[in-house]
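First the structure, in the form of structure tokens, and then the observations on it.
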Amino acid sequence: MNYLFKNGRYMNEEGKIVATDLLVQDGKIAKVAENITADNAEVIDVNGKLIAPGLVDVHVHLREPGGEHKETIETGTLAAAKGGFTTICAMPNTRPVPDCREHMEDLQNRIKEKAHVNVLPYGAITVRQAGSEMTDFETLKELGAFAFTDDGVGVQDASMMLAAMKRAAKLNMAVVAHCEENTLINKGCVHEGKFSEKHGLNGIPSVCESVHIARDILLAEAADCHYHVCHVSTKGSVRVIRDAKRAGIKVTAEVTPHHLVLCEDDIPSADPNFKMNPPLRGKEDHAALIEGLLDGTIDMIATDHAPHTAEEKAQGIERAPFGITGFETAFPLLYTNLVKKGIITLEQLIQFLTEKPADTFGLEAGRLKEGRAADITIIDLEQEEEIDPTTFLSKGKNTPFAGWKCQGWPVMTIVGGKIAWQKESALV
């Protein structure tokens with residue numbers, strides 16, 4: 001099916017929002033211009049809505065295989081499509097881990113059979129993510145590994161991390177890191193700060209993250225490896241990454257929507273839906289994340305979509321697993337709380353969720369360019385809705401944002417020229 005989207009707006013090559021039509025033919029973007037006419041194409045009048053590149057998320061947890069009670073490739077990718085994401089990168093903390101030919105081939109077959117959006121799987125750095133034996137990077141790359149990470153845990157052995165970076169560098173691949181120094185975790189379930197003290201909870205200190213990043217940056221410099229930092233959350237981490245970039249070290253970084261919108265002061269009670277890793281930090285950390293995003297220290301926004309069951313989250317804040325769902329709330333949360341409040345521009349938000357992650361990892365995505373795959377998201381910037389977890393397509397309903405009123409909701413997502421998801425009656 002060919003589509004002609006009429007009367008939309010998009011961000012052009014100069015970063016300006018302008019009027020446009022967009023023609024999709026044979027799964028590709030055929031033309032982006034005003035007043036397009038075309039035969040043999042279904043005309044969809046988007047009536048002034050934003051035509052954006054499909055959103056790109058380099059940090060997601062789909063749980064399959066092994067955690068299908070939390071999420072599946074099918075439910076997770078449908079939730080991603082509803083959130084406007086057309087390309088997502090799946091973390092390897094599944095059971096089994098994609099750490100060898102057999103497991104990666106099985107995962108790729110599942111993706112091919114079930115995914116509603118483009119899914120790029122990470123390969124594990126170490127076998128079973130146990131930290132003691134390196135995987136066969138060459139084989140995992142051959143089978144389509146996006147990059148290498150043990151996300152969910154930090155690689156504790158510096159010699160292992162250095163060896164992994166050297167091998168990844170030879171393959172022109174990135175090493176992606178969840179940064180925690182295990183000796184500093186303190187059995188914590190929240191940030192070590194005012195909230196932990198008030199509620200008598202063990203806290204995770206900020207330095208637990210930043211000291212690990214500092215170590216890895218020096219290792220990346222020694223290995224001449226592209227090193228990407230997951231979900232930055234502390235002022236110290238931002239400072240270390242900024243210094244590394246100024247020194248010319250190949251480091252990039254991401255931040256989550258929840259760390260940009262919330263800090264520990266916003267946690268109303270010992271509610272497990274506010275439990276994520278890294279935890280919500282203090283006000284100074286939150287301000288540093290915004291500053292880091294604006295000055296280029298932090299390159300992109302990634303959701304860290306981490307679904308869990310209601311039963312798992314009902315165990316109380318100390319026993320419940322870390323993580324919140326992110327796909328279906330990301331854009332409206334960021335648009336409402338950052339763009340509408342004048343903290344960043346709409347153009348910047350689009351870049352942080354599209355071209356910046358795509359360019360960082362060399363993906364042919366994130367831009368509406370003629371000849372590229374038609375991965376497109378239509379967004380109604382005027383539409384206001386209340387976040388209602390019961391409407392989530394993800395199996396995970398675990399969100400701290402239930403009841404929040406937000407503007408800027410995706411209404412249609414196109415992947416490879418096919419409609420992957422559409423809001424009922426939004427475009428008629």
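For all residues, glycine too, the Cβ spot is worked out from N, Cα and C.
Within ASN35, ASN118, ASN277, the residue that Swiss-Prot lists together with HIS61, LEU62, ARG63, ASN93, HIS308, PHE322, GLY323 for binding substrate is ASN277. According to Swiss-Prot, ASP151, HIS178 bind Zn(2+) 2; the candidate from HIS231, HIS258, HIS259 that the record adds to this site is HIS231. ASP304 is the only one of ASP304, ASP359, ASP375, ASP380 that Swiss-Prot places in the Zn(2+) 1 site (with HIS59, HIS61, ASP151). HIS308 (substrate binding site) and HIS59 (Zn(2+) 1 binding site) are 16 Å apart (CA-CA, integer value).
Of ASP304, HIS308, PHE322, all annotated as recorded positions, the residue with the shortest Cα distance to ASP151 (Zn(2+) 1 binding site) is ASP304. Annotation: ASP304 carries the greatest number of neighbouring Cβ atoms among the recorded positions ASP151, ASP304 [cut-off 10 Å, Cβ to Cβ].
There are 22 other CB atoms within 10 A of the CB of HIS231 (Zn(2+) 2 binding site), with all protein chains counted.
Cβ environment of ARG63 (substrate binding site): LYS70, GLU71, THR72, GLY76, THR94, PRO307 lie under 8 Å away, each six or more residues apart in the same chain. Across the fold, the C-alpha of GLY323 (substrate binding site) and the C-alpha of HIS231 (Zn(2+) 2 binding site) stand 12 Å from each other. Around the Cβ of HIS61 (Zn(2+) 1 binding site), a 10 Å sphere holds 26 further Cβ atoms from the protein chains shown.
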